[in-house]
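According to TrEMBL, the protein has these features:
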DOMAIN    41-289  domain 'G-protein coupled receptors family 1 profile'
TRANSMEM  26-48  transmembrane segment
TRANSMEM  60-78  transmembrane segment
TRANSMEM  98-119  transmembrane segment
TRANSMEM  140-163  transmembrane segment
TRANSMEM  199-225  transmembrane segment
TRANSMEM  237-260  transmembrane segment
TRANSMEM  272-291  transmembrane segment
Amino acid sequence: QEAANHTLLTEFVLSGLSSHPELQHLLFFTICFVYSMALIGNLLICLVTVHPTLHTPMYFFLRVLSFLDISTASVVAPKMLVNLLSEDRSISYLGCVTQLYCVVFLAATEWYLLAAMAYDRYVAVCHPLRYAAIVDTRACLSLLLLSCCSGTVVSVMQTAWVFTLSLCGPRRINYFFCDIPPLVLLSCTDTSRYERQLISATVLVIFAPFCLILLSYACIISSILRISSAQSRHRTFSTCSSHLTVVTLYCASGTLIYLQPKSSDSQDTKKILALIYTIVIPTLNPLIYSLRNKEVKEVLIRVMAVLMKK
């Protein structure tokens, strides 16, 4: 019977962010606004960082981060917006598989990219004279390729493991997109082995890069404290604190979601956390990086002035 149910399962139903009908329109306009800000902000970062004065590794990684943020928000938000105004909240089996794969791939790739950005800042602050030789174009592309390959491996394994479980429970997913925790709750078999595997994967994907990031910043802070000029110390720490803010937000939300995948009593909390890392953080990233970065603001002002003249 379990095998039959698993075979006949052709679609799921997403419950969405809230079950209260009176909140649907408010949520729609709120999510639509936040998603629009994420698209506009990250597209501006992508456009501004191709300016000749910003052809450095830091802005290369920032441009890739913005592209990943656009992709993450776009994998989740459009379907969620449609569901907020529609009675039909179904998603096909293949669509669910694709959405899960994309979300895990983008999240894992972004984590490894944040570690690469921390390494870039470490070399820039601790070895400024050798920076151009160490973090050259080849090194940037290698770090990006390594991040993408790691993200691909993680997403293929997690997606394959989730969808080989016997999902014979109700086809209703208590979530606003296909993610690991709500899908695991649909399994009618023992998932303890998979949960242990997921915890191991979470440690590798989140805590391993996080430890590398902390090590990089320990070295960076040590170097900053040795800078004699207070103004230079403030400028250097301001650049690094932006990156550290993003890392902290990602680490907190990702850890709380995936370390207890089958905790059904915390699904509403996980929805909020998932909303933070899929839509809110992609919206905040351009603000965190651009509003606190003098070079980006100067180029943005020049680009906007040229566009207004046309």
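Placement of Cβ uses the backbone N, Cα and C atoms for every residue, glycine included.
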Next on the checklist: Counting only residues 6 or more past its boundaries, what in the same chain has a CB within less than 8 Å of a CB in the transmembrane segment (272-291)?
Outcome noted: 17, 31, 34-35, 37-38, 41-42, 44-45, 48, 62, 65-66, 69-70, 72-73, 75-77, 103, 107, 175-177, 179, 242, 245-246, 249-250, 253-254, 256-257, 297, 300
Next on the checklist: Could you tell me the mean pLDDT the prediction assigns to the domain 'G-protein coupled receptors family 1 profile' (41-289)?
Outcome noted: 85
Item to check | Long-range environment of the transmembrane segment (98-119) - Cβ separation under 8 angstroms, sequence gap at least 6 | outcome: 58, 61-62, 64-65, 68-69, 71-72, 75-76, 79, 91, 135, 143-144, 146-148, 150-152, 154-156, 158-159, 162-163, 177-180, 183, 205-206, 209, 212-213, 216-217, 243, 246-247, 250, 254, 277-278
